[in-house]
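Here is what TrEMBL records for this protein:
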- 66, 96, 99, 184: Fe cation 1 binding site (BINDING)
- 96, 148, 184, 187: Fe cation 2 binding site (BINDING)
């Protein structure tokens, strides 16, 4: 079910900006309803070097996470793309592509350097997706549950940090992270609904993958 857009008035009062519709960032004229092709900055200018460093780390790891998730789904599709599970994996992958595209845009706009380990996450993500898919649909779904649970928990941690720091200052970034977090939770639930827990050694597999995710998050924030 599609989430309703939550619109906010822009300062000029002539436009309504719908930040929750990050897939189609737009401004809507309140008089005639026409859509204006305008871009808005997600982040305010940093107040000091400490704030810039915090935001750079946050955006760097979010970009790395979405990049890795894309590679995992690419690996799964390489193995299961022609099976009945293919369309389901493709749907989740399409959402992850939107997430990655948005973070690519934000990093470029704010001149944030991506992690230097993208080549490693490229190979590791694809290998994880393909190897778990070789266990069958259940293995792929178990991987999805493990990864998406880790990512959604990480997004929740970022949301708490931004809320405690200055929620009004980071309104648009919070809305983006919350929307992407909700997509990850949806993927997690989809995995459970499609027999993730029935794969042999589910809890061991899930634990191992999540340890890897936590390590990747820690490293990507710093390198």
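The backbone N, Cα and C atoms fix where each Cβ goes, and this holds for glycine too.
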Next on the checklist: What whole-number Å value do you get for the CA-CA distance of residue 96 (Fe cation 1 binding site) and residue 187 (Fe cation 2 binding site)?
Outcome noted: 10
Checklist entry - residue 99 (Fe cation 1 binding site) has how many other Cβ neighbours within 10 Å of its own Cβ? => result 24
Item to check | Sequence-distant neighbours of residue 184 (Fe cation 1 binding site) in its chain (C-beta under 8 A, six or more apart) | outcome: 148, 151, 152, 155
Next on the checklist: Just to confirm: which same-chain residues, 6+ apart in sequence, have a Cβ under 8 Å from the Cβ of residue 66 (Fe cation 1 binding site)?
Outcome noted: 96, 99, 100, 103, 180
Item to check | Under 8 Å by Cβ from residue 187 (Fe cation 2 binding site), counting only residues of that chain that are 6 or more apart | outcome: 92, 95, 144, 148
Checklist outcome for this item: Around the recorded Fe cation 2 site (96, 148, 184, 187), other residues with Cβ within 8 Å of the Cβ centre, ordered by sequence, are 69, 92, 95, 144, 147, 151, 152, 183, 185, 186, 188
Item to check | Additional residues surrounding Fe cation 1, by Cβ distance to the 66, 96, 99, 184 centre under 8 Å | outcome: 65, 69, 70, 95, 98, 100, 151, 180, 183
